[in-house]
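**Student:** This structure is in structure tokens; I'll ask about it shortly.
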Amino acid sequence: MGALKNIVIAIFVLSLLTFVALFGQLPALRKTPIGWLQQALFVHIPNALKRVDQKVTGGRIIVKSKRLGHYLFYERNPIVLIIFLILLTGSSGLFLWHAIHLLPTSLLLPIPLLLGLPYYFTYLCATHTSHYITTLNLNYRLQGYPFDHILYHPGPQCRTCALPKPARSKHCSLCGHCVAKCDHHCPWVNNCLGRGNYRYFLALLLSLGLLQLYGAYLSYYLLYPYFLAHRNRNVLFKRGYWSELGEAMAYAIHRGGLPIAGVGLLAASTAAMPLALLGYHCYLIWAGMTTNESQKWADWRDDMGEGCVFKASRKALKAHNRARRGSEDDEDGDAVGAVRWPVESDQVVVRTNDGEPPVGQEGLWTRVWSLGDVENVYDLGGWDNLVEVLRGR
Ligand SMILES: [Zn+2]
Ligand SMILES: [Zn+2]
């Protein structure tokens, strides 16, 4: 029984750590216990260890672990993908090996589909390459989205790829490419998620969550008879009810052992992760932004709160500049190759260091206090955003 208790505790701690690592950096959780724990685990404790190593070995351990850390986190490598596949294959294989002859056919039927889909979507996410921006597809990618003049401006080139940056793209140093509609680099699939494969990532999260829930249900189905047999059906609120319930559960877990109870508990305790991540991405889709953009918007929101963000009309600014130069030429790079897009916007937004509107144009700019005051041109409305994502755009 002691070993099982340790397994349950280990699963709980691992689930919590994974949750903190996955979600702790999200802007929405920055100022919550999850964000603080993430900061403590990944910033403060490593810094304290660094100081100790500096004193004891002159920093040798840090140099070596940095090299390993660099390979694990800053170079493209399949280690997390391999661990994920080993965990998925190992736990489902162990469970099926012990449970397949105990389950009725009706419960066995969905297994090939439920088990196959996470592998299929992992494969689609990992092998996708058409979202990498190259000289061959650059013009096509530049036509993908208009510049919103808030998060993305026409003009900048990627220093590594030496190509203009299309709106909503981002250079990934791990993949070594600029990525169209870059969402984030996902170590689980060892690839960037962006235009084209983001929908497969959502399907992977959904299929993985469903597989885990089904695995947890099968474990429950097999162990519930043991639980019932060991219970005396004490009435709720009567003395001894909870201890008896706990004993019956412990007995059922003991009978199931690691292959059925252990895997079932692991599936049940970790099912929330892909589903919560899917929920978070549904929120991003509803809001019309990528993970990359949600971080940019969070920075804008903080600056707006400090009162150093201003918006103006691009047309009014152009007219002002023309009048000042006394000429009719238009130097706005935006005029090149207008993109067909359902939402048109005339706004331009800037942040200033001194909290004052740009000098000489004070009358043209109005201070912006919240994100609600500016327009996200990439937000076509919740339903239309979802349709775009499902169509691979
Ligand atoms: Zn690049
Ligand atoms: Zn990448």
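Just so it is clear, glycine is given a Cβ too, placed from its N, Cα and C backbone atoms.
Straight out of TrEMBL:
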DOMAIN    157-297  domain 'Palmitoyltransferase DHHC'
TRANSMEM  6-24  transmembrane segment
TRANSMEM  79-100  transmembrane segment
TRANSMEM  106-126  transmembrane segment
TRANSMEM  200-223  transmembrane segment
TRANSMEM  260-286  transmembrane segment
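Structural setting of the listed features?
**Tutor:** Averaged over the domain 'Palmitoyltransferase DHHC' (157-297), the predicted model reaches a pLDDT of 89.
Beyond the transmembrane segment (6-24), the same-chain residues lying 6 or more positions past its ends with a Cβ under 8 Å from any Cβ of the stretch are 34-35, 37-39, 41-42, 253, 258, 262, 265-266, 269-270, 272-273, 276-277, 280.
Here the transmembrane segment (79-100) has Cβ contacts under 8 Å with residues 72, 108, 111, 115, 118-119, 122, 126, 187-190, 211, 215, 218-219, 222, 257-260, 263-264, 266-267 of the same chain, all six or more residues outside its ends.
Proximity of distant same-chain residues to the transmembrane segment (200-223), defined by a Cβ-Cβ separation under 8 Å and at least 6 residues beyond the stretch ends, is recorded for 91-92, 95, 99, 102-103, 107, 110-111, 114-115, 117-118, 121-122, 124-125, 128, 183, 186, 189, 193, 252-253, 255-256, 260-261, 263-265, 267-268, 270-271, 274-275, 277-278, 281, 389.
Through the fold, the transmembrane segment (260-286) approaches residues 4, 7-8, 11-12, 15, 18-19, 22-23, 26, 91-92, 94-95, 98-99, 201-202, 204-206, 208-209, 211-213, 215-216, 218-220, 222-223, 252-254, 294, 382, 385-386, 389 of its own chain, all at least 6 residues removed from its boundaries and within a Cβ separation under 8 Å.
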**Student:** With helix taken as DSSP H, G or I, strand as E or B and everything else coil, how many residues of the domain 'Palmitoyltransferase DHHC' (157-297) land in each class?
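**Tutor:** Across the domain 'Palmitoyltransferase DHHC' (157-297), DSSP assigns the residues as follows: 85 helix, 14 strand, 42 coil.
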